[in-house]
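Q: According to TrEMBL, the record shows the following:
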type	residues	note
DOMAIN	6-137	domain 'EamA'
TRANSMEM	36-55	transmembrane segment
TRANSMEM	62-83	transmembrane segment
TRANSMEM	89-115	transmembrane segment
TRANSMEM	122-142	transmembrane segment
TRANSMEM	148-169	transmembrane segment
TRANSMEM	176-196	transmembrane segment
TRANSMEM	208-227	transmembrane segment
TRANSMEM	234-255	transmembrane segment
TRANSMEM	261-279	transmembrane segment
Amino acid sequence: MDTTNKGLALALFGALVIVPDTLFMRISGLGATQMVAWRGLLQAAVLLTLWIVLSRRHRADVAALATGTGVLAALLQASNAALFATGIAIAPVAVVLFAVAMVPLVAALFGVIFLGDRIEKATLIAAFVVLLGIGLSVSAEFTTEGSALLGALCGLAVAVSLSGSFTLFRARPDLSIFLTVGLGASLSGVVAFLLTDSMTQTQGWLPAIWVTGAVILPISFTTMNLASRYTVAANVSLVLLLETVLGPIVVWIGVGEAVGPRGLIGGAIVVVTLAVYLWDQRRRALSRVTRRPIRGSAL
């Protein structure tokens, strides 16, 4: 499989896994610090255990993490974990996810500045159309009320931290994803644990947050960060936008947080655009393979 398509496949899998994340967060009924604590501690436990069991280069992994780039990557993971859960706790899901949808543009900018990436015209066009679709899907919900505005600001900060994370993992393939993401998750989890009064007081269903922390987050963020090593960060973040549209729809179906007609139309625009983009990337990859000359043949 072409490396770009391998990266896109990993990103698509991670994006689909994370789609029900916000639904489970809503079902849990927990506050911001409670969610950050549970999600961070559980994700850290899973990822650090996997690192201990599966890694064959523990000393090298720790040495790579102990660099400026490694510390920054872990801090970005911690900020992402804390700010996303906080945004979801205080604002409508769609508002937060719309702000997170800035990831493709930020990731493309980081890639050009720090890695010398050349962003394909198709990627920029797809990102622009996707953002239009997302803007349509949440235009009826975004207001200037305090909670919505703070939620949007949290989402924008998440977009920056995710983009930075994807870029760093691509620039430094020696960084262990399990160790780096696990350490970042543990940092956010421990701080939130110290700030919360009760880990179990809720009007919702507590096990729902366990699913997000122990299953959804470890799988999705591992595959998406791994995907960034096979394709440019802008591609990974573009596929991640599936959650931006499908997430609010899943929450609507699950707990009745309404999505209006504009939300459904905008969601359709995003899904169709991503489908066409992924198909085009696959077609281009097959074309490159077909045109590659056979070694030893006359030219």
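Placed from the backbone N, Cα and C atoms, the Cβ positions cover glycine too.
Computed from a predicted structure; not experimentally measured.
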Q: If you count every Cβ pair below 8 Å, which range out of 89-115, 148-169, 176-196, 208-227, 261-279 shares the most with the transmembrane segment (234-255)?
A: 89-115
Q: Tally Cβ pairs under 8 Å between the transmembrane segment (148-169) and each listed stretch (176-196, 208-227, 261-279), then give the stretch with the top tally.
A: 208-227
Q: Under 8 Å between C-beta atoms and at least six residues away from its ends: which parts of the chain pack against the transmembrane segment (176-196)?
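A: Same-chain contacts beyond the flanks: 31, 33-34, 36-44, 46-48, 50-51, 54-55, 57, 61-62, 64-65, 70, 73-82, 169, 217, 221-222, 225-226.
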Q: Take the C-beta pairs under 8 A between the transmembrane segment (36-55) and each of 89-115, 208-227, 261-279. Which stretch has the highest count?
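A: The stretch I would name here is 208-227.
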Q: Give residue numbers and ranges for long-range contacts of the transmembrane segment (208-227): same chain, 6 or more residues beyond its ends, CB-CB under 8 A.
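A: Same-chain contacts beyond the flanks: 6-11, 13-15, 17-18, 20-21, 24-25, 27-28, 30, 34-35, 38-43, 45-47, 50, 77, 165-166, 169, 177-178, 181, 185, 236, 239-240.
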Q: What is the three-state DSSP composition of the domain 'EamA' (6-137), stated as helix, strand and coil residue counts?
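A: Tallied per class, the domain 'EamA' (6-137) gives 113 helix, 0 strand, 19 coil.
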Q: Determine the mean pLDDT over the domain 'EamA' (6-137), rounding to the nearest whole number.
A: 90
